[in-house]
Amino acid sequence: MAGAKKKRLRLSKIYSFACGKKSMKNEELPPVGGAGFSRMVYCNEPDCFEAGIHNYPQNYVSTTKYNVATFVPKSLFEQFRRVANFYFLVTGILSFTPLAPFTAVSAIIPLIIVIIATMVKEGLEDLRRHQQDSEVNNRAVLVHQQNGVFNNTEWKNLKVGDIVKVEKDKFFPADLLLLSSSYDDAICYVETMNLDGETNLKLKQALEITSSLNDDSNFRDFKASLKCEDPNPSLYTFVGSMEYEEQQYSLSPQQILLRDSKLRNTEYIYGAVIFTGHDTKVMQNATAPPSKRSRIERKMDKIIYVLFFCLFMMAFIGSIIFGVKTKDDLKNGRMTRWYLRPDDISILFDPNYAALAAIFHFLTALMLYNYFIPISLYVSIEVVKLLQTLFINRDIHMYYEEADKPARARTSNLNEELGQVDTILSDKTGTLTCNSMEFVKCSIAGTAYGHGVTEVERAAAGRRNGKPSVQANTNGMNHIDNLVDSESPIKGFNFKDGRVMNGKWVNEPHVDVIQKFFRLLAVCHTALPDVDENTGKITYEAESPDEAAFVIAAREFGFEFYKRTQTSISVLEFDPRTGNKVERTYELLSVLEFNSARKRMSVIVRDEEGKILVLCKGADSVMFDRIGKNGKEFEQETRDHVNVYADAGLRTLILAYRELDEDKYKELNKKFNEAKNSISADRDILIEAAADKIERDLILLGATAVEDKLQDGVPECINKLAQAGIKIWVLTGDKMETAINIGFACSLLRQGMKQIIINLESPEIQALEKSGDQDAITKASKESVLRQITVGKFQLIPSSGSSETFALIIDGKSLAYALEDDMKNLFLELALGCASVICCRSSPKQKALVTRLVKIGTGKTTLGIGDGANDVGMLQEADIGIGISGAEGMQAVMSSDVAIAQFRYLERLLLVHGHWCYRRLTSMICYFFFKNIAFGFTLFLYEAYASFSGQPAYNDWLLSIYSLLFTSLPVMSMGIFEQDVSARYCLKFPQLYQEGVKDVLFSWRRILGWMFNGFLCATIIFFGCNKALEHQAFNKEGFTVGRDIIGATMYTCVVWVVNMQMGLAISYFTLLQHIAAWGSIALWYIFIIIYGSLSPTTSTNTYQIFTEALAPAASYWLVTILVPITALIPYFTYAAIQRQFFPREHEIIQRLRAEEKSNGIANDPEYINNMVR
C-alpha cells in the first residue's frame, strides 16, 4: 500500500506552491467566539449534545422559488401584482353581480387562461430547478458510521461534524476540512469551475498532523474540535483553528474544500463537514442577480395607466350622461321613454335614484370597457422574447468555432434593450484583447532587449506613414525587417534578439544581473509543471496568461522550471561558466501571493548556498517605491524603457530581489506567521503590513514586456459601433500610455481626435507625495483634478457645432477624486462631450461606480462588457451585461445577461439583433394597443348610441375570445419575424441603430398616434356599419337590422381591419405571417358558423346569425368590404405622405435597397451619403 502511494506521489504532475509548511501549533491564536467567529464543529461527533445545541441547518439545498404549499398563493400574488391582471380580477368578480353586462363565465375564462398559462410557465421553470436540486441532494457519499466503517448516504442527510470520504471525480457534498488524501503528503487537486468558472486545478493540502489518517480504520477513535468563522460568502478566505490531541493548529483556505468543487487527479480524500446546506460558501454566494427591466417594459406600464385613465373617463362621462337621462325618464309623473317602463323598473334604472343608478352604471362600464386593456399582452411578450433569444443563440455568425462557443442570451427580459444602447463600458484585457500573452521585450540592467514590433507600433507607423521608431530608442539599432512579425512557433514567446538567445547573454555586460533576472522568472511564480510522460515535454498551468509567458520565457533563455514539490522549486539552469545546464533546487519558504490591491507577488526561497532571497515582481506603480537606495543603479534607464514599452501597448512588470540574513528572515517571518495565523476581521490588514516589511529595500533587476494581441475584428467592430453613434468607454487597469496606444490600435482613438488627459503627474503633486503629507496631497490632488476637468470643459465649448472630436483619458488616482459627490457631475458632463473615454488604472469598484454614474447621469441605456471576475460589478451595474467567455474563467459570463465568445460579435448583436428586437417589440406593443382600442371603442360608441344603457354590441363569448383567437397570432408573428431591413443593410448603414437610441419607434408621439388610429378606425367602423345598414331592408324579407346583426357586422369589420392593418405596418412578409393574418380572418368565419349552430341557450343572440342572416345578405358583404377599406385609408394616406416627404432612416434604406435592385444606383457612395443625410 505504501509503495503504491509513493508511486502515485512520484507520478503526480502538479505540486503545491503555498503549502508544505509544518502544522502551526501553539501559536498565539486569538480567542474565537466574537462576532463573526463563533462556529464550533465536533469532528466525528455529529450527534453529540454540544453539536445539537447549535442547531446547524441540514445539508438539504433548495434553489426553487416555490414549494408545493406556496406555489399557488405565491404565484397568484406575483400575477396579480400586475395592475392589469388585478383589474381583470376585480371585473371578473363583479361579473357575478347583476351589474355585469355579460355572463360571468365569459368574463372570467380569458383571465383564467392567461393566469394558468403564466403559472404553468413559472411552474415548469421551477420544476426544472427542483429536479436539479433533487439530483444534487440525492447524490451518494461515503460517511463514517462507527468503528471505522464508511457507508453510502445521501448528501441531504449529512450533518456538521460528519467524516466523509470523497472519491476521484466526485463533487464535495458540503464545505469540508481536508484531513488526508491518497497521497502521503495529504495533497489533493480541486477543480473550482462551478464556483468561479476557472478551469485550472487548485491544490489543497491537509495539516501535517492529520495527514496520516489515510485509511478507513484510522477514524475509529478520531476526535477533534474546530473553532472557525461563521458562514459567509467569501470563497477565498477562511479563519479558524483545530484542537486535536490537546494541541491547537491554525487553519487556512489551503485546508478547505468547498461544496460543488470537484476532486481531480486524486484517488480519494477524507474530510470533516464544517458548513452544510445554505451555510456553505457556494450557497452564501447564491444571491439573486439584480432585477433588470427594460425601458420599454417600464414605459409599457405607463401606457397601461394612460389606457386606464381613458377607460375611467369614458365610464365616468357615460355614467353622468346615463344619470341625467335616467332622471329625465320620469318628470311630473310623465314617462319620457315609456318603453323602458321607468315606473316599474329595478334600482339600476330607477329615475328616483338616478345618482345611485349612475354609480352602478359606472361599475358596469368599467367591466364593459375592460377590452381596452390587452389581457394577453404580458404573456404574448414573454413568448415573443423567448423566441427572439432562440434567434440570438442560433446565429451562426456569432458562433466561435475555435472554442465551440455560440452566443447565449441568458435572459430574455432585455432583448429590446440591445437596440437602445447609448454607451458601452468595456474592459480591455481579455475583452478587446485575446488575454493570450506573448513575451516580446525586456529591460535588464538598463539595456533593452527584443526586436519585435507590436500591433500598436504598426498602427502608429500607419498613422505616421512611416516606420516604427521604438527600436532605435530602446535597442540602439533599427530593425526595419521586423516591421511585420511572423507568428512565433512557441505559444507565449515571441522574443527576437540574438544578443541573449541561445546562451549568448553570457557575453553581455552585467551577466550576473541577467542571470538573476532569468532566475527570478523561473522561480517567482505560482505555475504548475505538467510533464508529458510520452514526450517528456513540459507545459505549464498558470493562474494567468502573463505568468505562463514568464515561465516559458525563462525556459527559452535557459532556465527551465521542471518540478515543484510542497517545499521546493527545481530549475535546470544554464551555467555561464561551464556552458551546461545544471539542476538547482530552491527551498520554498513562503509565497506572498498576488492580488489586485498589492499589485505584486513574491516568493521567499533558500538557494543551495544557504542564501535567503526575496524574489519580487509587480507593477511599476508599486515597485519603484520599494527599491532600496543601493538598488537604483538602473532605475532611470528602466523607467525610460517601461514608458517606451507602454507606448508600444505592452504590459510591463518590474523585477527586483532582496537578500536576507537568517536573523532578519526569522524576525520578519515570525511577524508574517502571526498575521497569517490570526483569527480576526483585520487578518488581511495584518498580513499586508507584514508582507510590506518583507518587500522593502529591493534591488532592481529590470522589467518585462508582454503583448496582449487584439482580438480579430476589434478595430472594425469599434469603428462600426462609433458610426452607429454609440459612445465607447474603456475601463482598464493598464498604464495610461499603454491604454492610449491600444486605443489607437483598436480605432477607439483616431487621427485628428484631440486628447483631454487628466492625471496627477504634475511636479507639484509629485513633490507633495515625496513629502508624505497626506492631507496636503489629497487637497492638492482634488484641486488639480477639478481644474483639469474645468479646463477640459472649456475646450469643448468652441467645438460645439463643429466636426472636431475629443477623447478623454483619466488615470485611476484622478478618477477616485472625479467620482466624489461634489465633482462627479462635472466629470460626467466632460466625458459626455467626448467621443471616446479611457479610464486607466481602474479598480473593479471604480468600474462599477463609473457605470452607475453614466447610467443614472444620462438616463440612457448602458452596456457593460468584460471577461473577468473583476468585471462582475460593472456588468451587474449596467443596464445590460455582456460576458466574454474567454481565458479568465466564467464569472463574468455567469453574471451577464448575454454571453458571447469574441468582442467583434457585439457588432452583430447590437446592430442586427438589437435593432430587430427593438423594432419588433415596439411595433408589437403599439399594434396591441391599436387593436384593443379599435375593438373597445366600438363598445363605447354603441353604448352611447344606446343611451349608455350598459348593453354590449357583441355576444359575450365574442368579447372574450377577440384577443385570444382572432388577433393574437398576427401580432405575435410581427414580434417574432418583422424586419425593416436585412442584416446586411443593418451592418452597411450602422446609423440606422440611432432609431433605437433615440427611441423613435416607441416615442409618445408614435404611441399616441397608434392609439388615435385605433379610435379613428373604431369610429369609422361603427358609423360606417350603422349608417350603411339603418333605415333600409337588410334582406329580401324586408327586415331591418337589429343589435345582433349590426354587432356581428361590426365585429367582422374589426377583425378585417386589425389584421389588414398589420399588412400595411410590417415590412417583411413570411409565409407564417400570411398564415397568421389570413388564418385569423378565416377562423372568425369558421367560429361564427360553428358557434352559431349550437343551441340557442349556448349561442344566445348569435344563433344561426351567419348562415341565416349575414351570409345571404349582399349588403353584409358590401359593408364588410367597403368599411374596412375606408378605415384603413387614413393610415395608408398618412404613411404614404410621411414615407415620401418625411422618411425615417429605415425607410430611406428600404428605398435604397429597392433602387439597388432595380438599377444599381445605390452603389454610388456619394448618392448613399446624400440619401441617408
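Indices start at 1 and increase along the chain as displayed.
Each residue, glycine too, has its Cβ placed from N, Cα and C.
Feature list (source: TrEMBL):
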ACT_SITE  ASP427  active site, 4-aspartylphosphate intermediate
BINDING   ASP427, LYS428, THR429, GLU547, PHE594, LYS617, ARG651, THR732, GLY733, ASP734, ARG841, LYS847, ASN870, ASP871  ATP binding site
BINDING   ASP427, THR429, ASP867, ASP871  Mg(2+) binding site
DOMAIN    41-108  domain 'P-type ATPase N-terminal'
DOMAIN    893-1143  domain 'P-type ATPase C-terminal'
TRANSMEM  107-124  transmembrane segment
TRANSMEM  303-324  transmembrane segment
TRANSMEM  353-372  transmembrane segment
TRANSMEM  925-945  transmembrane segment
TRANSMEM  957-977  transmembrane segment
TRANSMEM  1007-1025  transmembrane segment
TRANSMEM  1045-1068  transmembrane segment
TRANSMEM  1075-1094  transmembrane segment
TRANSMEM  1114-1137  transmembrane segment
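Shown on the structure are the features that TrEMBL records.
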residue: ASP427; record: active site, 4-aspartylphosphate intermediate; contacts (Cβ under 8 Å, 6+ apart): VAL730, LEU731, THR732, LYS847, ILE865, GLY866, ASP867, GLY868, ASN870, ASP871, MET874
residue: ARG651; record: ATP binding site; contacts (Cβ under 8 Å, 6+ apart): THR429, MET437, ASP546, ALA705, VAL706, GLU707, ASP708, ASP734, THR738
residue: ARG841; record: ATP binding site; contacts (Cβ under 8 Å, 6+ apart): SER621, THR732, GLY733, ASP734, LYS735, MET736, ASP811, GLY812, LYS813, LEU815
Field: Contact yes or no, the transmembrane segment (957-977) and the transmembrane segment (1075-1094), 3+ Cβ pairs under 8 Å, gap 6+
entry: yes
Statement: Spatial neighbours of the transmembrane segment (353-372) not adjacent in sequence (6+ beyond its ends, CB under 8 Å) are 87-88, 91, 94-95, 99-102, 107, 307, 310-312, 314-316, 318-320, 322-324, 326-327, 347, 932-933, 935-937, 939-940, 943, 948, 950, 952, 959, 962-963
Query: Got a sec? Which of these binding-site residues, THR429, ASN870, has the most Cβ atoms within 10 Å?
result: THR429
Task: Note the mean pLDDT of the domain 'P-type ATPase N-terminal' (41-108), expressed as a whole number.
output: 83
The transmembrane segment (925-945) touching the transmembrane segment (303-324) per 3+ Cβ pairs under 8 Å rule: yes
- prompt: What else in the chain is close to the transmembrane segment (1114-1137), if you only count residues 6 or more beyond its ends and a Cβ gap under 8 Å?
  reply: 1013, 1016-1017, 1020-1021, 1024-1025, 1028-1029, 1032, 1034, 1045, 1049, 1052-1053, 1056-1057, 1060-1061, 1064
Message: Within the same chain, where does the transmembrane segment (925-945) have neighbours whose Cβ lies under 8 angstroms from its own Cβ atoms, ignoring anything closer than 6 residues to its ends? I mean 6 or more beyond.
response: 296, 300, 303, 307, 314, 318, 321, 365, 368-369, 371-374, 377, 380-381, 951-954, 962-963, 967, 971, 974, 1002, 1006-1007, 1010-1011, 1013-1015, 1017-1019, 1021-1023, 1026, 1047, 1050, 1054, 1057-1058, 1061-1062, 1065
- line: Counting across all protein chains, other CB atoms within 10 angstroms of the CB of ASP867 (Mg(2+) binding site) number 30
Query: In the domain 'P-type ATPase N-terminal' (41-108), how many residues does DSSP assign to helix, to strand and to coil?
result: 33 helix, 3 strand, 32 coil
- prompt: Counting all other Cβ atoms within 10 Å across every protein chain shown, which of the binding-site residues PHE594, GLY733, ASP871 scores highest?
  reply: ASP871
